[in-house]
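A short worksheet on the structure shown next.
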Amino acid sequence: MNKRTVIIIVALVTILCLAVGGNLYFMYYLNAQDPALSSTRALENVIRHKIRHLKPAYLNRNPRFFMYRNKLLKNYRPASYENASVLWDIANWWPHENEIYPLYDSSMGQLLQTLRNEPITKVNNLSRGTQLKLLMRLSNQQKVIFKPQWYPRDIVIDGPVYGGKDRHTAEVYAFYLGAVLDFRWTPIVVGRVVNLKTDIYDRGDSELQNTMTITPGENETEQYCLFGKCHYCNEEETVCGDENNNIEGVLIYIIPGQLAKRRSPWQRTYKEDKRAPWEDDMNYCKSLKGKMENIRLLDLIDVAIFDYLIQNGDRHHYETREERVVLIDNGKAFGNPNKDHLDILAPLYQCCLLRASTWERLQVFSGGVLTELIDRLSKNDALYPLITDKHKRGVERRLLVIFAVVEYCMDREGEKMFKNL
Ligand SMILES: Nc1ncnc2c1ncn2[C@@H]1O[C@H](COP(=O)(O)OP(=O)(O)OP(=O)(O)O)[C@@H](O)[C@H]1O
Ligand SMILES: [Mn+2]
């Protein structure tokens, strides 16, 4: 053997050792991984595979959607009204259990117009919750909650799923999504452009006025900004309007009746270095089935589907009205259109239970109809379009993921996963 051959052999052996060693290390790393974590990964792979092989029915339009669409479009068409207080009386009588408004009612189109048009007569800080919000009175009468715009529609919120401040239009989108999916458990919400000087400062009490700043702008104008009173409110973080002090916001109808707040079993830890039990235990639902009524579990699974579509990963608590879940606080949605946090669906894939009516309804709006219909329903909102096209594609993509997860559950549980409760 000459010297050159020896060098080549030694080099080859070294490369081989490095490759094998690297692989061994890689395999060791795989095995050392938390088994629960890898089972979440395994689920992701199953879902990915299922999505590639979805039945055409999930991808195409379902002819049944026409009937629903026409009725909904008629129901949400703006209608003129004579007496706002009559409509508020009607709407305050609507709620029954967690149903906040009826399926079809000729007063809905009128009620939406009162919220869009009635003058704002009185404004206060509302320090409930942790985010900036105001309590407004319309026509000296009806109270509504106001959440202001913080971001433009096309902002991308990076970081954890619960990051950033409220996305105001998500509250309006949630209202229409609830209407379409027949989760009529959200408050009634409209978008509205309000004036920080004439609608808010001038109508506010001194406590509210003390949480606003007035600074000289160009051409002897004044700029009004608001920081409000709440857990996360501070003078450094204000919302301001345009050069005329106009700002977008949403008016949220207050749900009459008692609400009870409960901790979500799928609550996050809100600490990046600490995981919640449900995140590592694919059998987590088993422990809940004994503790929680089936109807509550089914409500929470509907909530998971709703939240997954809009990417609300911040439902640390849920609220109930007459023992049924209501969908309050939907502002932390549409943070990143390119990202789908599958774990929002944990209640669905861990329990593999679903209300039969929800499953029926989801299938009616396949093939792009869901976002198209919400788009048409919200055309008369002052904040239309509520979300960017990227976010709409995100909603449609997530609907397919939901179909895939249900297919996965059907493989596991069969038809008995669907419940009539
Ligand atoms: N439409 C509504 N009808 C009745 N009560 C409401 C409505 N919206 C909010 N509330 C009440 O006000 C509280 C705070 O509202 P919300 O959850 O929207 O605020 P938040 O600042 O986002 O709170 P958190 O920081 O806890 O998430 C709710 O827990 C609920 O009790
Ligand atoms: Mn919130």
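Sequential numbering from 1, following the chain as shown.
Placed from the backbone N, Cα and C atoms, the Cβ positions cover glycine too.
Lifted from TrEMBL, the feature list:
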| type | residues | note |
| --- | --- | --- |
| TRANSMEM | 7-30 | transmembrane segment |
| BINDING | ASP166, ASP329 | Mn(2+) binding site |
| DOMAIN | 220-416 | domain 'FAM20 C-terminal' |
| ACT_SITE | ASP314 | active site |
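Same-chain residues at least 6 positions away in sequence with a Cβ under 8 Å from that of ASP329 (Mn(2+) binding site) are, in sequence order, GLY129, ASP314, ARG315. Taking the Cβ of ASP166 (Mn(2+) binding site) as reference, residues of its chain lying under 8 Å away and at least six apart in sequence are, in sequence order, GLN131, LEU132, LYS147, TRP150, GLY331, LYS332.
Cβ contacts within 10 Å of ASP314 (active site), excluding its own Cβ and spanning all protein chains shown: 24.
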